[in-house]
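Report on one structure; see the data block that follows.
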Amino acid sequence: MEALCRFRAGWGYPTALLCTYGFFSSVKPLEPFLIPYLSGPDKNITAEQVNNQIFPVWTYSYLVVLIPVFLLTDYLRYKPVVIFQGVNLLVTSGLLLWAQGVAAMQIMEVFYSVVTACEVAYFSYIYSVVDLQHYQKVTAYCRSVQLLGYTVGSVLGQLMVSFSLMSYQGILVLNLVLISIALVTSCFLPMPQKSMFFHRKQGVDDAATSPPVQTSINETTGEPASNGVMEPQLDRSARTVDREGHERNPEILRNQDIAACNNTASRDTGQCFGVLLRLWREFLQCYSKQLLYWSLWWALATCGYNQTVNYVQVLWDHVGGSQNFAIYNGGVEAVSNLFSAAMAYAVGFTKVNWATWGELALGSFSGLGAASLFLMTFIGNIWVCYVAYVIFKCLYMLLITIAMFQIAADLSIERYALVFGGNNFVALVLQTVITAIVVDSRGLSLKIIPQFIVYGSYFTGITILFLLRGLYTVVSTRSRTNVSQTQREDALSTWTAVDIDAGRKLNALARGTAAQSQEVTAQPK
């Protein structure tokens, strides 16, 4: 029993609960087969409607809810938002299972955008309930189980589809059960007592600003009123006294209580505005010149990556459908997740001066990603599409990992959270613009092949930008190194010449001193 109490009091208990939630909420066996499900007999929605009318709603809704959810996550101290994410996941799966029509699927995308926006609560919660020395471990655990959940879900879905073990609707029922387990688990998470921005010193501040406690005493019994809480009454038999024993008029006390409530509300409102103002100032101070380029790549590449991942199933359906090909979407997603994890893990053991070579690496690997997109677009073979997608996803995960730790190395956790949110918001704004112009039925409403030509050209632009910037950084760094080396050599030569001249003078002085000594010795006594 004592061991259980110690476990619940330590960092392992909330970490285990959060990892359990993260795993079961990430197991989505139907996700790799969403396009075949929506365009099949269950929903009977065309691929063009999915591409141009349903999927764009997620992008627009995500942009609207991202910043409010980001601020509410910190203000509500994470746990309520984690539970809210589970509820929205349940609603999303329920709509997928029972709702019909394009409008219902658009509503489903709205709920799923809230799920995506609440992801920040999952990754932020654990930092508010564990000590700093455990951050690295708990981060690794939370990310690993989420990746494991995605992989298990992809493999599970692939097995069920390939061997006809379960229909798409049966897979959705299984998904509802898994999400229900995650939702119940989230209810047992300990409630954090602090957050990064709004509740930094909550306990201290509350104690310092709490009004004096007053007690209502009945003269007849000499006992406090029920529950020891002041309840002003107009009856003279129950007059209120303060701690010094002085009688107070109940009507005056009521007015004072109203004034105190108004002051507290004003203070809370002022505190919120103060926090928002401080967040804005710190946000502007986060972006140094070096971090600005890493953040720029983060935003640009994340926009292109999200567009590619969101619509790649439409491309697979277009290419594979024309070849009457068996669907292996789940297996491809599982392989890409495992390879991406391996690439991200390998970055930690790479000894490279990323400050010098990082921007050139961003440009070079972005070029390989653009080539992968063009392969998917023009070759027209489903196996080439699968392999190119795995390469593209691994390259992005490799580079985003490098960008993350390069930015995190120079910032505190609070400022890193601001940069994380800011970069993703810029990426989402760009994604919204591209979706409105390229994908939406009210814009150009391009078919899937022209869409991926646009995405490949987009990454080509990123490649050119960062190759030029990377070459400039390498050349300027080499120039500064050569100048510094020349200056050191000049300084060394100068000091050497000074030392030689000083040595000559000392030798001459020594010879003169010796000659004088000989003359003195040679004089007759």
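Every residue, even glycine, has its Cβ placed from backbone N, Cα and C.
No curator has checked TrEMBL annotations; they are predicted automatically.
Per TrEMBL, the features are:
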COMPBIAS  211-224  compositional bias 'Polar residues'
REGION    208-230  region 'Disordered'
TRANSMEM  57-76  transmembrane segment
TRANSMEM  83-104  transmembrane segment
TRANSMEM  110-127  transmembrane segment
TRANSMEM  147-165  transmembrane segment
TRANSMEM  171-191  transmembrane segment
TRANSMEM  291-307  transmembrane segment
TRANSMEM  327-348  transmembrane segment
TRANSMEM  360-380  transmembrane segment
TRANSMEM  386-405  transmembrane segment
TRANSMEM  417-439  transmembrane segment
TRANSMEM  451-472  transmembrane segment
Worksheet entry | Whether the transmembrane segment (83-104) meets the transmembrane segment (360-380): three or more C-beta pairs under 8 angstroms | no
Practice prompt. Given the cut-off of 8 Å on Cβ pairs that are 6 or more apart in sequence, determine whether the transmembrane segment (291-307) and the transmembrane segment (451-472) share at least 3 such pairs.
Written response: yes
Fill in: Contact between the transmembrane segment (57-76) and the transmembrane segment (417-439) (at least 3 Cβ pairs under 8 Å, separation 6+)
yes
Practice prompt. Answer yes if the transmembrane segment (147-165) and the transmembrane segment (417-439) have at least three CB pairs under 8 Å among residue pairs 6 or more apart in sequence, and no otherwise.
Written response: no
